[in-house]
Amino acid sequence: MSERKAINKYYPPDYDPVEAERIARSMSKKLKNANKSESTIRLMTPFSMRCTKCDEYIAKSRKFNGKKKTLDEKYLDSIKIYRFTIRCPQCANPISFRTDPKSADYVMESGGVRNYVKRQEEEKKAQDETLEETLKRLAKEKEEEEELKQNKGKSEDKSKDKMALLEEKLAKLQQQQKDVKDLEQMIQNNKAKYETSNMLGKISKPKNNAKLEQQNLDAIAESAFAKFRSHNSISTNDDKSETTAVQNTDTFSQLQSRSNLPELKNTSMEAKQKPTKIKLKVKRNTLGIVKRQRK
């Protein structure tokens, strides 16, 4: 830094600044082009390959930091040929391949094997073909392409017909599904109506049965009470009637005790028994009891 900032510099007597600048530029160009034949680049593998040392599989279009070198030989004295060198990611074995302008492809040189190789017969035919044969082959390929296009158009028409048939089938299926849904809905509605009518009938029937049973019970009770009243309608002056009334009350109590029904308080039967007890109390004069008179 101090030399650059120095005020006084030595210049020889024959120093020419223009010539010195020209020499410096030429030297820099030589230094730049010294290793131009080989340079480091970022590349992608043009095909899938396999390492010969460790059998590592390297897929197509895998990225590598490789070296590119221009070879001295040229194709047709004008097209350059390049060699690319990469290293195996597993064992660091150098793998090299070069360009092949004749086949418009790449050729493996060392360190690896290509997984897919073209048929040698096709390559030989391409090499041994004359001009007439190549023209015939191209014309034949063109005819085949036209035939393929025609067949493709026919297949498209057929596919259109098939699509129309499929659409018709789909429409029929959709209509059938709709009809089935309508039928199911009708069945469900009818079923619901039938169930509701049955429920209403079941509800009305028990009410009628209960009414009839109640009426029958009332009739039976009335007949029983009528019989009991007829037995107790005899006059109190008759001793026989008293004894029968007592017997009737005894039998009624026995029947009540034998029955499984609970005793009912304040019923009409008890109310009808009370007059019999009163009648028994009225007959005290017959037993010789004299009522005391007041003075």
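Including glycine, each Cβ sits where the backbone N, Cα and C put it.
Database features, via TrEMBL:
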BINDING   Cys51, Cys54, Cys88, Cys91  Zn(2+) binding site
REGION    139-163  region 'Disordered'
REGION    232-278  region 'Disordered'
COMPBIAS  243-270  compositional bias 'Polar residues'
What is the Cβ neighbour count of Cys91 (Zn(2+) binding site) at a 10 Å cut-off, with all protein chains included?
11
Do any residues at least six apart in sequence from Cys88 (Zn(2+) binding site), in the same chain, have a Cβ closer than 8 Å to its Cβ, and if so which, in order?
Cys51, Lys53, Cys54, Glu56, Ile58, Pro94, Ile95, Gly111, Gly112
Fewest other Cβ atoms within 10 Å: which of the binding-site residues Cys51, Cys54 wins that one? Let me know.
Cys54
